[in-house]
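Heads up: the structure comes next, in structure tokens.
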Amino acid sequence: MLVTGLEILKKARAEGYGVGAFNVNNMEFLQAVLEAAEEARSPVMVALSEGAMKYGGRALTLLAVELAKEARVPVAVHLDHGSSYESVLKALRAGFTSVMIDKSHEDFATNVRETRRVVEAAHAVGVTVEAELGRLAGIEEHVAVDEKDALLTNPEEAKRFMEETGADYLAVAIGTSHGAYKGKGRPFIDHPRLERIAALVPAPLVLHGASAVPPELVERFRAAGGEIGEATGIHPEDIKKAIALGIAKINTDTDLRLAFTALIRETLNKAPKEFDPRKYLGPAREAVKEVVKSRMELFGSVGKA
Ligand SMILES: O=C(COP(=O)(O)O)N(O)CCCOP(=O)(O)O
Ligand SMILES: [Zn+2]
């Protein structure tokens with residue numbers, strides 16, 4: 001069933017588990033995410049970035065909202081990294097039930113003003129809002145405190161930000177970053193900072209840039225002919241610890257992309273004569289579904305629907 005992001009995330013934070021927000025860019029990703037959620041009896045957030053909305057258009061947004069309505073588990077359809085008020089309005093018009101306004105690159109006052117404006121519009125139509133404070137950036141552990149403060153989310157600022165904006169959940173910067181390289185070795189995650197934020201902010205907290213980039217998946221991608229430089233993700237234990245400290249929404253995109261692409265390469269390498277898309281998109285879809293299921297296991301959302 002189609003529900004708001006807050007309906008899913010409030011329960012998750014209260015009960016101490018995480019819910020995956022999985023980025024989808026086509027029908028196969030959407031099917032994989034929803035099938036995994038139903039088989040795992042897990043709530044789920046289907047996330048579309050502005051790039052996904054541009055790439056898939058109504059074929060994707062309509063499908064996401066309609067399939068979410070028919071799903072046998074709670075599903076929120078979420079705009080990921082909305083960059084403007086206008087972009088959020090498009091997602092609201094498409095029937096999304098959760099929207100992110102990302103003004104984390106602006107100064108505090110501008111972020112508050114712009115986020116507040118989106119909150120008023122979204123709440124007027126029963127949709128809940130994710131905002132962001134702090135800059136996503138991989139941080140080496142020995143980095144000076146003032147440099148971390150300039151980038152990572154400041155706990156006291158986060159409290160004020162949520163009170164002044166009325167946002168429903170908050171994306172925090174604690175050392176993660178988007179993409180397949182998140183820092184040397186085991187990327188540093190500032191759990192003490194997260195603990196201080198969670199003590200001041202009762203709202204569900206969000207972790208972007210949370211893909212694990214598993215070495216076995218990276219190797220499979222390379223073995224199938226993919227080229228990727230140094231690749232490191234967030235350690236599963238660091239995700240579990242973050243969930244225990246108040247993270248309720250965990251974004252995963254890179255792991256899904258790696259799995260999908262590795263399987264397409266593998267299938268085409270094995271069958272150079274193949275030109276039926278179902279023969280290579282199908283196995284790729286299955287690979288994404290397995291990644292989604294393993295992430296739900298890690299987050300503790302299995303059986304929580
Ligand atoms: O937090 C994440 C993904 O984190 P990950 O890279 O660790 O999977 N996201 O918000 C995904 C952002 C995807 O944007 P685009 O479609 O423009 O490439
Ligand atoms: Zn993100």
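Keep in mind that glycine also has a Cβ here, set from the backbone N, Cα and C atoms.
Record features, source TrEMBL:
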- D80: active site, proton donor (ACT_SITE)
- H81, H178, H208: Zn(2+) 1 binding site (BINDING)
- D102, E132: Zn(2+) 2 binding site (BINDING)
- G179, G209, A210, S211, N251, T252, D253, T254: dihydroxyacetone phosphate binding site (BINDING)
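Shown are the binding-site residues G179, G209; the one with the most C-beta atoms within 10 angstroms of its own C-beta is G209. Candidate binding-site residues: D102, E132, G179, S211, N251, T252. Those with a Cβ under 6 Å from ligand 1, in sequence order, are G179, S211, N251, T252.
Secondary structure at H178 (Zn(2+) 1 binding site), taken from DSSP and collapsed to helix, strand or coil, is coil. Other than H81, H178, H208, the residues of this chain whose Cβ falls within 8 Å of the Cβ centroid of the Zn(2+) 1 site are, in sequence order, D80, D102, L136, A171, G209, N251, D253. In this structure, the binding-site residues that sit close to ligand 2, with a C-beta under 6 angstroms from any of its atoms, are H208, N251, chosen from E132, G179, H208, N251, T252, T254.
Between the CA atoms of D102 (Zn(2+) 2 binding site) and D253 (dihydroxyacetone phosphate binding site) there is a gap of 17 Å, rounded to the nearest whole number. A Cα-Cα distance of 15 Å separates A210 (dihydroxyacetone phosphate binding site) from H81 (Zn(2+) 1 binding site). Listed in sequence order, F22, N23, A47, H178, S211 are the same-chain residues at least 6 apart in sequence whose CB falls under 8 Å from the CB of D253 (dihydroxyacetone phosphate binding site). Looking only at Cα atoms, H208 (Zn(2+) 1 binding site) sits nearest to T252 among the binding-site residues E132, G179, T252, T254.
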